[in-house]
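Trainee: Annotations per Swiss-Prot:
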type	residues	note
BINDING	G8, R9, A10, G11, S12, G13, K14, S15	ATP binding site
BINDING	C789, C1109, C1112, C1118	[4Fe-4S] cluster binding site
Amino acid sequence: MSIRFIYGRAGSGKSHYCLEDIKRRIQEVNDRNLILLVPEQFSFQAEKNLIKSIGEKGTLKAQVLSFRRMAEKVFDEVGGGIKKYINDAGKNILLYKIIEENKNKLKVYKTSAKKQGFVNLVSDIIGEFKKYNISPEFLKENLDSIENKSLKNKLEDIGMLFLEFQNRLSKNYIDLEDTLHILCEKLDKSIIFKNSEVWIDEFSTFTPQEYSIIEKIMCSAYRVNITLCMDALGEYSERESIDLFLPIKITERNILQIAEKNNIIYQKPVNLRCSPCYRFKNSTALQHLQHSLFSYPYKNYEKSTEDINIFKALNKYTEIDYIARDIVKACRDKNLRFKDMAVVTGDLDEYENLIKAVFNQYDIPYFIDKKREIIHNQIVILIISAVEILAKNWSYESVFRYLKTGLLDLEFDDIDILENYVLANGIRGRQWLDTKPWSFKINYGNFKEDDSEEEQEYLNKINCIRDKVREPILKLSNDIKGKKKGRHICEELYNFLCELKIPEKVEELIIEFRNTDRLDKANEYSQIWDIVVDVLDQIVDVLGEQSFGMEIFNEALEIGFSQYEIGVIPPALDQVLVSNITRIKSYNISALYIAGVNDGIFPVTISPEGIFTDQDRDELKQNGLEIAPNTRSRAFEEQFLIYATLTIVDKYLTLTYSMSDEEGKAKRPSVVISMIKKIFPKLQEKSNLLDASGYEGGIEAVNSPKVTFNMLISNIRRNLGHRENINSLWIDVYRWYREHEIWNKRLDTVLGAFYYNNEIKISDLVKIRRLYGKHLNMSVSRLEKFAQCPFGYFVQYGLKVKDRKMYSLSAPDLGSFMHGILERFSIGLKQKSLTWENVDERCCEENINDLVDNVLYDNPNSILNSSKKYKHVTDKLKKTLTRSVWLIAQHMKKGRFIPRAYELVFGEIGDFPPISIELDSGEKVSLTGKVDRVDTAKEDIITYIRIVDYKSGTREFKLSDVYYGFQLQLLIYLDAILTEFDKMTKGKSIPAGLLYFKLEDPIVRTKENIPDHEIEDRITKSLKMNGLLLNDVNVIRQMDTSMEKSSDIISVSIKKDGNLSKSKSSLATRKQFEILRKYVRSTIADLCKKILTGNIEVTPYKNKTKNGCSYCEYSAICQFDTSIKGNKYRIIEDKSDEEIWKHIENKVQE
């Protein structure tokens, strides 16, 4: 029995020495077993290296083991594998159930127990205890020695969970840590290591559990060889805070203590001196780096070198772009192959997608050495979502996540139709279980009010889709509803998956992925079904005989699947390795690129993790409960990891870092950058900060066809119209693309885009008629939309593009609801033979409350019935509507105008016929619409007409908006009503005005207490109606008989000379009203003509305060951009009312 250290710095050839040593032992011809022990993640590469060194025949005597493989081999020999192995999934599922049962007993973690991730934390610390040979009993025995009460409470909580976990586990199962514990016990009976020679390589530290196994091996083997990455053996001190090899020296000390304890012979160590190191025989610069890194004082490298490069990038993209270019260049100029190169980073998640995108552009084959989580696999999503539907009462998210997996026999169009219906009507929970067909009102789509047959057909389709969705889930629900045993639930879920033919569909997907060269996906799906079955088996194993509901099962499934990762097999031999720095040790690399050499990434920021803080760990160590290292110790390990990473390459080393993140925030380079710059003072740092677009000036820009094509286009774009400025290199490149048919077509397409404009014209009038309908019927609000932007009108009313209707209370929904209640209230007064003068405030409140309640009773699916939140909204609506009707009553009492009509409709089946507008072509356009209220006041044979429009938002009358066609509605309605009234009566109808009535219950803000009547006065004044009024004091006084200088009802005031003040209101004489009527008709005719001649120009308006694009929903469609030729705003000039009146009069006189 003996031990021997094989030591030397990185690159000295320790692994190579071990392989050669094994080769020599084979040639010596003896009966000893030869074993190479390596970490689990390096076992595959170690086997490749061993076979390459000793040949296939040599493997009969020599073998590669990891601790896990060793356990399997020993158990096969002497037994010990009687208990069933439980993996991380089963372990965490069991822990979840234990935590769920005991959460109310916890002192510290009672709240945390409910949070996601707590199971993993507890699992990790239990694993840590086991690795450090701390049992629940040992933990309990040492509790009294802990003085810190907070730490003691933590230990009591964790100890209770640990004990319960171990009690349940030990009956029938073992986990990985228990496996190593049993291995240690069984090694005495094994002959595998009897008189064998063992080489332990690629380790830097061991856990106490692993030390115990090594001790048993040392006591049994002929000799144990242990490689140590360090420059000298000997004493150490923990005060040596700058010692790079401190973690390794601690390992050396622990091994020597074991040897001394067991009287094991310490043989002369093998010192592999670096002069130069085996790895760096071709690079003196890399040799100097490994010798000087973290050495104090260090010696400068006074020569220039191309073996080490530093690149300062603007951002992560230019980092990876530089690396990709250099890889291609290395293959071309340095005779390297892709398999000789690697890209590593301290944050692979951050760089992975970027590397994929850029490397694909450069046609660089790559393999990302990273296990994939399966929680995002579509099979797993389908399973979890199906169970979540039952656990979360058919929530929208779970239902449609289940449907969109693409694994069901449903068309995606049908799923979209169903989703739109569900979202629009707020369908959830028990509504999915309703045996009656859904009959919620379809308040979206292209249906007319009277199109009930088409609507019913659509409803039938939706219910048909719904039934297809429900049937399998309802069957599953009937089989497992209530509290059932875990075994039964898993069996029924398995049957459910088989009925959906998921195994067959997985096979079909594997074939499809292979046929389309998506080998990574084929590899993933070839493993997924076995994982699904394994998770169900683990649940049956640990929870099979326990009864629980869907919530527990759903959590158990998620926890189980979250523990699985799929290893990906490299699809080819010649490809660039992309890896995290922690997985790169055992590869032979000629060119290494380290991306993201920024502060916090390389080295990574060390922060306390898990249950225990650094202070907790130190106190536990003092009380004989040593567990994993604290952040200080981990910082030493991170420092050694940096050293190991920088010295793994044998020819070329490149470090890149970025100066900013995606948001443009500054990032700092790592200390590693400044360290290397100091060691290599003549090293010239490269950068692209001055030319963020790349390297377009020189031959290095010519790369793969895809990338060079983009560079060419960039050059042409920059020098458009100035060909003489283009480098001759790019002229040659241009010719190359012209000579290749595929690229020639693409070049034509891209160059054509330089002259792109988004102007659209429809010259075919037949198409226009198809778009807008054969019958020329339209609403005035649509014409106002056209006036704002013709293209916006075309998209909304021609193409009928609409936002997805959501189950929410939008401003239009709110306005419609309030209009409906006001109409019902007003008609109700008529039916009861009441007038507004008979109404008091209590009557208003009672009637409004009854009306709102009745409407909501008749519409049970209304969003206002959906929650307490909307109950509060309903109460506010009642107050607002009560305020509004009471204010209307006040207006009526103060004036002589009386309501003549409510919700007066213009249309084929309306109160009045459609408004007819004759075009120059002789065609007639019929305008439809609705007026909220028409008031009249009689004076002899004259009838004054006033129309009132209720608005839930703020709306003011602006003459300029009338002039530009943005505010035509009330004027054309007024014109039509005057015309119809003249036909109906013998007298004369005169416009008194058009007004906007604001539906609001404002809050009065004041710094002091004021009486109620003053509050009411302020509210009344804040809700004055505004609009265009007839410039006639007598008529105005009929609207407010109590008016003196100013009115509390309308925004108008009287000057000292008795005339109306124009500064306070918009006024028009009778003549001006007549001119406006003609102007509005003429404007409407012009707008209709433009619509029917196919004008769909992208010409939004713009004034000082806003523009037509401000709230436009279709900007992504029109792509309006003032930088595109022909894209200009229609500037709306700021004119006074006097100027506008002149323009209107001139227009009418033409």
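Backbone N, Cα and C define each Cβ position, glycine as well.
Walk me through the surroundings of each of these features.
Mentor: Look at S12 (ATP binding site): DSSP puts it in coil. Other Cβ atoms within 10 Å of the Cβ of S12 (ATP binding site), summed over all protein chains shown, number 26.
Under the DSSP three-state reduction, C1109 ([4Fe-4S] cluster binding site) is assigned to coil, being neither helix nor strand.
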Trainee: Other residues with Cβ within 8 Å of the Cβ centroid of C789, C1109, C1112, C1118 at the [4Fe-4S] cluster site?
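Mentor: Close Cβ neighbours, site residues excluded: F791, G792, V1098, P1100, G1108, Y1114, S1115, F1120.
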Trainee: With the ATP site defined by G8, R9, A10, G11, S12, G13, K14, S15, which remaining residues of that chain have Cβ atoms positioned within 8 Å of the Cβ centroid?
Mentor: C229, L272, C274, C277, Y278, R279
Trainee: In angstrom units, rounded to an integer, how far apart are the Cα atoms of C789 ([4Fe-4S] cluster binding site) and A10 (ATP binding site)?
Mentor: 70
Trainee: Given a separation of at least six residues and a C-beta threshold under 8 Å, show me what packs close to G13 (ATP binding site) in the same chain.
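Mentor: Result: L272, C277, Y278, R279.
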Trainee: With every protein chain in view, what's the tally of Cβ atoms within 10 Å of the Cβ of G11 (ATP binding site), excluding that atom itself?
Mentor: 26
Trainee: Across all chains shown, how many C-beta atoms besides its own are within 10 angstroms of the C-beta of K14 (ATP binding site)?
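Mentor: K14 (ATP binding site) is surrounded by 24 other Cβ atoms within 10 Å.
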Trainee: Pop the Cα-Cα gap between C1112 ([4Fe-4S] cluster binding site) and S12 (ATP binding site) into the table, whole Å please.
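Mentor: With distance taken Cα to Cα, C1112 ([4Fe-4S] cluster binding site) is 68 Å from S12 (ATP binding site).
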Trainee: Which one is it: of the binding-site residues C1109, C1112, C1118, whose Cα lies the shortest distance from the Cα of G11 (ATP binding site)?
Mentor: C1118
Trainee: Highest CB neighbour count within 10 A among the binding-site residues C789, C1109, C1112?
Mentor: C789
Trainee: Measuring Cα to Cα, how many Å separate C1112 ([4Fe-4S] cluster binding site) from R9 (ATP binding site)?
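Mentor: Rounded to the nearest whole number, the Cα-Cα distance is 66 Å.
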